Amino acid sequence: MLGFLQRPVVVTADINLNVVALTAVGLLSRLWQLAYPRAVVFDEVYYGQYVSFYMKRIFFLDGSGPPFGHMLLALGGYLGGFDGNFLWNRIGAEYSTNVPVWSLRLLPALAGALSVPMAYQIVWELGFSHCAAVGAALLILIENALITQSRLMLLESALIFFNLLAVLSYLKFSNSQKHGPFSPSWWFWLILTGVACSCAVGVKYMGVFTYLLVLGVAAVHAWHLIGDQTLSNVRVLCHLLARAVALLVIPVLVYLLFFYVHLLLLCRSGPHDQIMSSAFQASLEGGLARITQGQPLEVAYGSQVTLKNVFGQPVPCWLHSHQSTYPVIYENGRGSSHQQQVTCYPFKDVNNWWIVKDPGRHQLVVNNPPRPVRHGDIVQLVHGMTTRLLNTHDVAAPLSPHSQEVSCYIDYNVSMPAQNLWRLDIVNRESDTDVWKTILSEVRFVHVNTSAILKLSGAPLPDWGFRQLEVVGEQLSRGYHGSAVWSVEEHRYGRSQEQKERELELHSPTQTDVSRNLSFMARFSELQWRMLTVRSDDSEHKYSSTPLDWVTLDTNIAYWLHPRTSAQIHLLGNIVIWASASLATLVYALLFTWYLFRRQRRACDLPEDCWPRWVLAGALCAGGWAVNYVPFFMMEKTLFLYHYLPALTFQILLLPVVLEHVSDHLCRSQLQRSLFGALVVAWFASACHVSNTLRPLTYGDRSLSPSELKALRWKDSWDILIRK
């Protein structure tokens with residue numbers, strides 16, 4: 001029974017020394033003196049503050065992308081023991097001793113280093129030679145912009161890593177399809193493809209381009225699979241279901257997991273709370289939660305409430321009124337009702353309180369038991385501090401003449417009667433008998449007399465309106481919009497009928513003993529929507545550039561300058577590699593078009609086993625460049641050179657593929673192949689020379705004289721290189 005113990009346990013493994021060597025030099029190039037410079041470099045000032053928020057578990061919102069990339073950077077800080085205490089206020093600031101610089105930059109550097117052997121594996125899995133695969137890896141290794149970007153606390157290297165991992169995993173899955181479908185390795189590579197795609201999207205929204213590319217290639221392969229007559233219908237269905245689960249369902253679940261962990265970690269109130277809804281804010285520790293805990297859930301007649309606009313644009317604000325009235329005559333000569341102003345005010349204020357009144361009763365207190373307000377009920381809104389009722393009428397609004405003026409009614413004893421009845425419309429109700437709930441209900445107020453809805457126009461009023469935001473009544477026929485939806489943020493039951501005692505109530509704080517919680521899906525949906533719609537700073541930056549500037553390398557970015565010497569770091573591309581990669585893409589497009597036309601004429605220049613390999617290489621490499629580059633022409637955001645790096649990486653992978661193709665299929669004789677090989681060696685030597693020449697600006701570890709800097713200025717647009 002124990003006979004197996006009499007035999008030695010032998011483990012055999014195939015080790016590709018090329019991969020081992022490339023991994024080693026990749027790690028050396030990215031990890032060497034990683035903690036230098038010990039100062040904030042360019043966008044580290046941007047990502048560092050989010051790392052600090054993670055360390056302190058403070059909620060934040062970043063509209064530039066999902067949270068997975070930020071969590072990777074925060075993981076580095078956590079592993080290094082970072083406590084989050086550093087003021088990320090300016091580029092070039094020296095890091096204090098409590099900041100683990102090496103650890104914070106470690107994961108981006110590892111991602112950049114592992115991209116080197118991954119480039120080798122991709123070209124090899126595409127069916128090209130080890131020489132071409134090594135060439136692709138070496139080009140990734142020595143490209144200066146990729147080195148610079150991966151050695152800092154930035155996200156592009158992680159995005160490139162997961163892009164390459166998605167492509168490599170799919171290629172390994174596709175190749176295992178030929179000899180071992182539904183085997184453990186087949187499932188592993190298929191699932192890893194979906195996970196890698198989700199990680200790419202989770203790092204930056206740009207990752208969706210590569211995800212769509214992989215889905216497109218997988219769809220074409222699945223279409224060919226459907227036409228395979230050697231497979232039964234059940235077998236084909238199993239193949240399609242496996243791909244659907246791995247490439248559609250799993251990425252969605254992984255993407256949701258990123259947000260689940262993100263929201264689990266960031267449980268405390270922070271500086272970005274005001275962007276979120278009242279319900280979201282109340283789910284965080286501190287901040288609004290300290291105010292809203294213990295509030296009554298159901299709004300009743302006599303309730304005292306503050307009404308926050310759900311849309312929150314241009315800034316979050318609350319329905320507000322004060323003693324001041326609209327001017328009798330506006331600057332343009334139009335007249336007003338001269339009623340009490342109603343605005344939307346972006347700050348907490350006692351004048352934000354309103355009392356929900358039953359039109360059939362005079363009392364402004366809550367009965368015992370409370371009588372809840374339901375969807376469809378007619379109510380009046382009484383301003384707490386002035387006791388005047390919310391009103392609208394057929395008078396043009398101050399800044400929006402197509403809409404009605406909203407005011408608090410003052411009886412001037414003229415022929416303008418009060419029109420202060422409003423019908424409650426709960427937008428997110430489940431039934432027509434729903435009760436109006438604090439924080440949870442999103443409501444519209446529909447004016448009974450004119451059918452106008454209470455809406456935030458968002459226009460700032462002139463000085464007579466204290467620059468507060470205009471509120472108008474707009475007809476329902478204009479359609480639904482979030483600016484017409486309101487939610488109760490603060491709520492208490494009114495206890496006093498006397499005005500002076502009620503004013504004391506309004507000035508006093510609310511109770512604090514019970515918390516409100518949103519479901520994960522509700523928080524995820526709101527956070528995802530805010531990330532996609534939050535306004536980013538689109539102002540022009542001195543280092544911003546256009547997509548055309550990237551291809552011709554007519555731009556660079558000064559990342560860091562030593563405060564006492566001329567040592568500096570720039571995001572500079574290797575001009576030999578960039579130009580050659582662009583030329584290779586053009587050559588591939590021309591050759592592919594020529595071969596396609598020739599095949600249509602039944603002239604096959606490539607052997608049948610080479611054509612699918614040639615097409616797949618173009619789909620993944622040239623296609624990867626296109627999908628990661630062309631969309632930027634349609635974007636209005638401020639763009640920088642580093643946005644081109646994912647596209648460049650795919651383009652570099654195509655370069656040795658084209659070179660090998662030219663050598664094997666276009667060079668007719670051995671002499672031609674030898675001459676072409678010599679040219680390739682000379683070209684690669686020039687790329688290495690340029691990489692070494694730019695090394696001081698890539699690592700920033702050597703001071704350069706003005707003449708040395710000027711020698712690197714190949715283009716007039718690089719005048720930044722001679723400034724100190």
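Each residue, glycine too, has its Cβ placed from N, Cα and C.
What TrEMBL records for this protein:
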TRANSMEM  68-88  transmembrane segment
TRANSMEM  126-147  transmembrane segment
TRANSMEM  154-173  transmembrane segment
TRANSMEM  185-203  transmembrane segment
TRANSMEM  208-226  transmembrane segment
TRANSMEM  246-267  transmembrane segment
DOMAIN    296-359  domain 'MIR'
DOMAIN    370-427  domain 'MIR'
DOMAIN    431-491  domain 'MIR'
TRANSMEM  571-594  transmembrane segment
TRANSMEM  614-632  transmembrane segment
TRANSMEM  639-659  transmembrane segment
TRANSMEM  671-690  transmembrane segment
Feature contact check the transmembrane segment (246-267) with the transmembrane segment (614-632), CB under 8 Å, 3 or more pairs:
no
The domain 'MIR' (296-359) - residue tally per DSSP class, helix then strand then coil
3 helix, 30 strand, 31 coil
Might you confirm whether the transmembrane segment (68-88) is in contact with the transmembrane segment (639-659), defined here as three or more C-beta pairs under 8 A between residues 6 or more apart in sequence?
no
For the transmembrane segment (571-594) and the transmembrane segment (671-690), check the count of CB pairs under 8 Å (sequence separation 6 or more) and say whether it reaches 3 or more.
yes
Might you confirm whether the transmembrane segment (126-147) is in contact with the transmembrane segment (185-203), defined here as three or more C-beta pairs under 8 A between residues 6 or more apart in sequence?
no
For the transmembrane segment (671-690), which recorded stretch in the set 126-147, 154-173, 208-226, 246-267 gives the largest number of Cβ pairs separated by under 8 Å?
126-147
Which of 154-173, 208-226, 246-267 shares the most C-beta pairs under 8 angstroms with the transmembrane segment (126-147)?
154-173
Other than its close neighbours in sequence, what residues sit by the transmembrane segment (246-267), given a CB gap under 8 Å and a spacing of at least six beyond its ends?
53-54, 57-60, 66-68, 70-71, 190-191, 193-195, 197-199, 201-202, 211, 214-215, 218, 284-285, 520, 523-524, 527-528
Looking at the domain 'MIR' (296-359) alone, can you tell me the average pLDDT?
89
Under the DSSP assignment, what numbers of helix, strand and coil residues are found in the domain 'MIR' (431-491)?
9 helix, 29 strand, 23 coil
May I have the DSSP-based helix, strand and coil counts for the residues of the domain 'MIR' (370-427)?
0 helix, 26 strand, 32 coil
